[in-house]
Amino acid sequence: MIKNKLFSDTILYALGEVFPRIISLLLLPLFTAYLTPADYGILSYTSAFVMFLYVFSTLSLNSYVLRFYFEYETEIERKRLIGNVFVFVGLFNLLLLGIFYFILPIVISFFSIQVPWNPYFRLAIITNFLEVFTIIPMVIFRVRQQAVYFVMLSITRVVLQFALVYYFVVIKSIGLLGSYYGQLIPLCIYFFVSWGIILKNAIINVNMKQIKEGLKFSLPLLPGAVAYLIMSLSDRIILERHVSLSIIGVYNVAVTFSQSLNIAVQSGYRALEPEIFKRFNQIGFSNFVKKSSDIFLTVVYILAIGLAIFSHDVFYLLTSKNFHSGSELVPYIVIGILFAAHNVIFSSLLSAEKDTKSIGLSTLVGGVISLSVNFILVPRIGVYASIIASAIAFLVMNCMLFAKIRTRYSIFSSAKCMFIYAIVICIMAIWNPPVSFETFSIKLLLLAVGAFAVCTVTNIKMGNFFERKT
């Protein structure tokens, strides 16, 4: 049975996920009017690079804190763990900033990359440097299950960032550069906020023995994290060599809209993972895993069907004409996200068992597959190659992780739900309706039928979402 606390935390995390995406969608008509597809291409390219840098900046030590926090018995030990990791990550991040500030301009010039070092890459790596300092404070709220504080900090930062982006891009009309300024300035403020949270909830210290133990746990996750980014973001980097920045911009808007499915995926993950670690090896753990994962995946599939059905309507209403073609990509991009949603559950269970090597291996294999497919097919079929690469890579990961846990946990197979989703895609591709009130009503009916079919397959009733522990 799922505790009411877990349900309420999931709702709060969902709010933290959905709020910035709602703001992003509301501002999309304005930004597509003031920014060109090429601008979006530049923003997408630097964002992809920064995500790779971000993984190396943390060395996945945030996962170490999240996993081992509950194994320390006293509050003093827990505070020292947090303070030690925060100091190490901060110093390591400072070293990386210096290295990339020196070598990146040389690399950009050598490979004739379309995006210049100054100002775009320069501002991007400074933003990453400040972003890293917010990670451990957010982990504190997660391990203490203080979802309210987690969401408050996330939302206030997002509101400030979007407000400043709007100010610089729309009011001051400084174009793409305004987007970088709008993201950077709030992080300067939250750098000091993060230090305040650490000083209140941690004990600053340096314990290299503990860091070595942490790296033994986290470094096997690093290749997997990099491979995951290769699956998710390397397509932008490879596409830059073969298609225009305008095409990358349209593709990025489609990916951004598709990633709204992560509202459910990430909110469920943030609520479930600490609970999985806490309940691990306790009586009733297997039942908890089955119940919570079934509900989680049911919601994800229903939302995926909604995205596939209404993507054209959203693009028509919220973007300029230059971006409308991106709606055709959304239903296919979502396939990879669905496989990734399953992997969230599988990875959390293996992390609880301290089997990070299996997680790292699966994502490394997925990354190699994604990179290979992109290199082979992008020159031939462009952005569609990236969509195919993502789906295949996440599917292989899914199979590898499921093979590791299937004898110990009962989690429903995704085959039937994926078949329902495929039927919806086929209907929309054949029908291809115009945007109108009449077709909107029919789409709502199709969504209801799809949701009913998914709930029937997973044997989930709406009452299960609100069940309290007795």
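In case you wondered, yes, glycine gets a Cβ from its N, Cα and C as well.
TrEMBL lists 12-36, 42-69, 81-108, 120-141, 148-168, 180-199, 295-318, 330-352, 359-377, 383-403, 415-434, 440-460 with the feature transmembrane segment.
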Check: Ranking 148-168, 295-318, 359-377, 415-434 by Cβ pairs under 8 Å to the transmembrane segment (383-403), which is first?
Finding: 359-377
Margin query: Against the transmembrane segment (440-460), which of these stretches has the most C-beta pairs under 8 Å: 42-69, 81-108, 120-141, 148-168, 415-434?
Written below: 415-434
Checklist line | Recorded stretch, among 81-108, 148-168, 180-199, 359-377, 415-434, maximising Cβ pairs under 8 Å relative to the transmembrane segment (42-69) | finding: 81-108
Note to self: Out of 81-108, 180-199, 295-318, 359-377, what stretch is closest in contact terms to the transmembrane segment (415-434), meaning most Cβ pairs under 8 angstroms?
What the structure shows: 295-318
